[in-house]
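Engineer: Just lifted these from TrEMBL, have a look:
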- 356-466: domain 'Cyclic nucleotide-binding' (DOMAIN)
- 7-29: transmembrane segment (TRANSMEM)
- 49-72: transmembrane segment (TRANSMEM)
- 79-97: transmembrane segment (TRANSMEM)
- 117-142: transmembrane segment (TRANSMEM)
- 226-243: transmembrane segment (TRANSMEM)
- 249-277: transmembrane segment (TRANSMEM)
Amino acid sequence: MCLFVDGWFAVTVTVLRCMTDALHVWNMWLQFKMINRSRRTHMVAKKGFFFDLFVILPLPQLVMWVGIPALLEKGSTTTVMTVLLIMFLFQYLPKIYHSICLLRRMQNLSGYIFGTVWWGIALNTIAYFVASHAVGACWYLLGIQRAAKCLKEQCRVTKGCGLNMLACQEPIYYGTSSLVKEKSRLIWGETSNARFTCLNNGENFDYGAYKWTVQLFANENRFEKILLPIFWGLMTLSTFGNLESTTDWLEVIFIIIVLTSGLILVTMFIGNIKVFLHATTSKKQAMQLKMRKIEWWMRSRRLPRELKQRTRNFERQKWAAMRGVDECEMIRNLPEGLRRDIKYHLCLDLVRQVPLFQHMDNLVLENICDRVKSLIFTKGETITKEGDPVQRMLFIVRGHLQSSQFLRDGVKSCCMLGPGNFSGDELLSWCLRRPFVERLPPSSSTLVTLETTEAFGLEAEDVKYVTQHFRYTFVKEKVKRSARYYSPGWRTWGAVAIQLAWRRYKHRLTLTSLSFIRPRRPLSRCSSLGEDRLRIYTALLTSPKPNQDDFDF
């Protein structure tokens, strides 16, 4: 029956402690590299340096490998626990405080720590378990101190027992058995009264709140020695105690601190978890409430099934894209300068992807970014019909649209618009035409989404504002060419013109090959050639060419 330090456990704790100290040293090195030469920054860094230096001092390692073995050899078994508790107060708690300060500095630099809600819940849970581990460790040390006190009392009443026998011959024990030669130690080890009173159970000696520690004294399972104190700390902090205490002043103070800390920690833990869960579920609940209102409205208006499904799909896709956050409403309430800077930061890279805007200066792009609106369209939605007034210009960011227009005799011409393309170029010619006409221009095509599409929308009034105040930009030849090249109307007309030119070329080759043979053509053959030629000219004339003056700004 003697007290010793588990050597392998001490090695593990020392390695973990050195690893954490190495991280703190690396953090100090980074701080030194980022220090400016200003005097104020230097003074703040100097104060933080002394605190960091105190935190990483290897005092626990020195106490573990030098101080405790020396105290055990002298027989000061109860003093060992006091020294360990002092080290806990002056090293463990400052290190926890230092880690919290480090996380706060990270938050000040990056704006958030582990940005998702679930990371916040995980961090609070980890902090709660760390507190339980600290409380359980103190409880275990105080329990060993109470057992050492019991053994000391039994040693005093045992003949031939000295206080140095309460500590083992090897203060740090690695599990290798050694032969005990001292007769007095053999006699003390065979004393059944001391073992029965102090180590068998907690009924023969008043352990108070440390009664459960008795079953760990002679237990060789290290995992159980770690797990049971954590369980006791978690149980005590969560249930606010219900502990039986003795009149020992240290035990009473320890229980008071544990109960008070448990009350504070549980309140904070439950409050933080409630806030995190509310942040996670509030938007979903708002979405569900909104969907119930929409369903009730659609039933009361007796909308057809197709319109109901389209409405549901739009709301779901909008929720998937924005997660219930209305960016336009959030930005609208900000000051004008801040709002413009935020929209410029959010939209500039995407606006620059539009070829029409690549040749414009930053002032024009800033005004465009301030006025564009983010739009989402579901699959199969008709955005604009041919002949309707053009309300806005659309700049496609993600997804594809089908632009179609009907030619004469029921012929339909189609083209696909993807990321980087735009529609509504009729507004450019409408805004720059002189004399100005208030009536909005009609759309030359029908736009239908082929998939879920995200786009920027620039309303007609905003297009008018930009073109009137920055007319010099649209006079550039590069802008004219980009507008013609990416215009759906010009692309459709160009495709039809190329196809008809190719057909005319093939037709001329056929006539040239037949010019060597001069037989008299039948009347039906002449009429068919005339019909083909008439059909070609009819197609060319019925293909609507965009107005050449529309882009002569």
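Positions of Cβ are set from backbone N, Cα and C atoms, glycine also.
TrEMBL does not curate its annotations; it predicts them automatically.
Give me the lay of the land around each of these features.
Structural biologist: When pLDDT is averaged over the domain 'Cyclic nucleotide-binding' (356-466), the result is 81.
For the transmembrane segment (49-72), the residues of the chain that approach it from at least six positions outside its boundaries are 3-5, 10, 13-14, 17-18, 21, 24-25, 27-28, 31, 79-80, 83-84, 87, 90-91, 94-95, 98, 167-168, 171-172, judged by C-beta separation under 8 angstroms.
Under 8 Å from some Cβ of the transmembrane segment (79-97) lie the Cβ atoms of residues 3, 20, 51, 54-55, 57, 59-60, 63, 67-68, 71-72, 130, 134, 137-138, 141-142, 144-145, 148, all in the same chain and six or more residues away from its ends.
Listed by sequence, the residues of this chain that lie at least six past the ends of the transmembrane segment (226-243) yet keep a Cβ under 8 A from its Cβ atoms are 128-129, 131-137, 139-140, 208-209, 212, 215-216, 255, 258-259, 261-263, 265-266.
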Engineer: By DSSP, what is the split of the domain 'Cyclic nucleotide-binding' (356-466) into helix, strand and coil residues?
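Structural biologist: Looking at the domain 'Cyclic nucleotide-binding' (356-466) with DSSP, the answer is 29 helix, 42 strand, 40 coil.
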